[in-house]
């Protein structure tokens, strides 16, 4: 997407969450599995749309990060969906490797049976 | 799920988002479509798990709400997944009607072509 188009889309979002962000849900475009949830500020949205690689705003480290910059497991964005009040987006992605730092394909690898024993 | 089990699971979550909440992603258990994103405080998590109906904490109205309490479009929770740092959950649901207040099945009914004209 061109910079102009990315800026246009980024301008329509409502960055009302922590540190002026929207919530971003990564979904595997093939399996439709939810892979992770993160936050994006305006800069992360523009970088994601112009490069095609998912970028996030880290709430804990308070910095922009390219998902995969250390692990190599980049998230290639194939489609973007925006919710009704423009404060959350779904990124449909192809992942080049596991999304989770634990090595699991998805961060949501635990079910309630893992907690109720 | 019993109250005891619900409290046990609720105790493992990290309510680090706005108003002491976790992020909750509703996903259609059949189509795997992402339906909406909301926030849950501890009370909303316990009510969701004990009743089987999705409850949220409204950041704008600052109150607990049962999804569907006015529209009748309740979200019946079939499965729960928890992410690696315990601050986000995925609820796999059967919806008895459209999730979005606009009448769309999903809140994520807009794509980037709706913004880039």
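The backbone N, Cα and C atoms fix where each Cβ goes, glycine too.
What you see is a predicted model, and the numbers here were worked out from it, not measured in a lab.
Record features (TrEMBL):
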DOMAIN    A:36-109  domain 'Phosphoribosyl-AMP cyclohydrolase'
BINDING   A:83, A:85, A:87  Mg(2+) binding site
BINDING   A:84, A:100, A:107  Zn(2+) binding site
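Annotated features taken from TrEMBL, shown on the structure.
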{"residue": "A:83", "record": "Mg(2+) binding site", "DSSP (3 states)": "coil"}
{"residue": "A:100", "record": "Zn(2+) binding site", "DSSP (3 states)": "coil"}
{"residue": "A:107", "record": "Zn(2+) binding site", "DSSP (3 states)": "coil"}
Whole-number answer please: how many Å between the C-alpha atoms of residue A:83 (Mg(2+) binding site) and residue A:107 (Zn(2+) binding site)? 22
Below 8 Å Cβ to Cβ and six or more residues apart, same chain only. Which residues does that give for residue A:85 (Mg(2+) binding site)? A:14
Average the pLDDT scores across the domain 'Phosphoribosyl-AMP cyclohydrolase' (A:36-109) and report the rounded value. 97
